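First up is the structure itself, then whatever we jot down about it.
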């Protein structure tokens, strides 16, 4: 049986491929997204790769904060690479078909990277809380092994959720229309194509994603309440400004991440018409990974100094 030959399942024909409609047909609707995705992907790859290399090679950046940032950049690289290249090929070639297995693979990795990033962001805010709330105990609270286990735990939780979501979604029977109004294989549009009873799947997605988003967001919120209360007790205006400046970028990025993912995954399916799903998806899958290096680190003095040291070493070798 060929890869695209339909499989009979009772009175239905099970789909073995999906059609990702993307943003529409026509030269303008194909070329504009292609150019936009290409520019975003190049900036994402360059910015996050530079950040990973600088943090990995400069010993002065071997601290908990930059260890978490390096892993965040690795997740952003993986997330963008699991979506953008395949979408660009589709825009450029006009071939919108993706195989059943290819769709399942993409769905698994997108879910894995996004879930892991949510847990990692919570770990990062806990790190900031520990540094500001009790700086004298910070080296013990955030020791090397604590940081490693927080990161490893984030990856394990991301993998577990991805396995659950992928298993439940691709146990469904897909028949009838195979056209998905999206530019990558995502949970809500996939479930909407199924001719099976999707109550359990919608319940699992809403419950599990809701619990993950609410729990990690709650950790973030409680940590920032303690952080802000601690900062306000600092007598020096310069000290308060410095402390606030270290938290502002992270708070903005975390808020945008949780709001966009909550709109996609933690809202009942019947309310999906209230917002443009694809536009929200573009933001948290492509724009956020592109902006993160600039929001977090490439404007940071320590990173700039490390970049200068790296460039100076290369110039001296020449």
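Using the three backbone atoms N, Cα and C, a Cβ is placed for every residue, glycine included.
Heads up, TrEMBL stuff is auto-annotated, nobody curated it.
The transmembrane segment annotation in TrEMBL covers 31-54 (among others). Cβ atoms under 8 Å from those of the transmembrane segment (31-54) belong to residues 22-23, 61, 69-70, 73-74, 76-77, 80-81, 84-85, 87-88, 91-92, 183, 286-287, 289-290, 292-294, 297-298, 303, 306-307, 310 of the same chain, restricted to positions at least 6 beyond its ends.
Residues or ranges marked as domain 'G-protein coupled receptors family 1 profile' by TrEMBL: 47-296.
Among the features that TrEMBL reports, transmembrane segment is placed at 66-84 (among others).
Look at TrEMBL and you will find 104-126 (among others) tagged as transmembrane segment. With a threshold of 8 Å between CB atoms, the same-chain residues lying at least 6 positions outside the transmembrane segment (104-126) that come near it are 65, 68-69, 71-72, 75-76, 78-79, 82-83, 86, 98, 150-151, 153-155, 157-159, 161-163, 165-166, 169-170, 184-187, 190, 212-213, 216, 219-220, 223-224, 250, 253-254, 257-258, 261, 284-285.
Beyond the ends of the transmembrane segment (147-174), by six or more residues, the same chain brings 9, 12, 14-15, 18, 64, 67-68, 71, 100, 104, 107-109, 111-120, 123, 126-127, 187, 190-191, 193-196, 198, 200-201, 204-205, 208-209, 212 to within a C-beta distance below 8 angstroms of the stretch. The transmembrane segment feature in TrEMBL is assigned to 147-174 (among others).
What TrEMBL records for 203-227 (among others) is transmembrane segment.
Taken from TrEMBL, the feature transmembrane segment applies to 248-267 (among others).
For 279-298 (among others), the entry in TrEMBL reads transmembrane segment.
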Folded-back contacts onto the transmembrane segment (66-84), same chain, C-beta under 8 angstroms, at least six residues removed: 37, 40-41, 44-45, 48-49, 51-52, 55-56, 106, 109-110, 113-114, 116-117, 120-121, 123-124, 127, 147, 150-151, 154, 183-184, 285-286, 288-290, 292-293, 296-297, 302
Close approaches to the transmembrane segment (279-298) from elsewhere in its chain (Cβ under 8 angstroms; 6 or more beyond its ends): 37, 40-41, 43-44, 47-48, 50-51, 66, 69, 72-73, 76-77, 79-80, 83-84, 110, 114, 182-184, 186, 249-250, 252-253, 256-257, 260-261, 263-264, 304
Whole-number mean of pLDDT values that fall within the domain 'G-protein coupled receptors family 1 profile' (47-296): 84
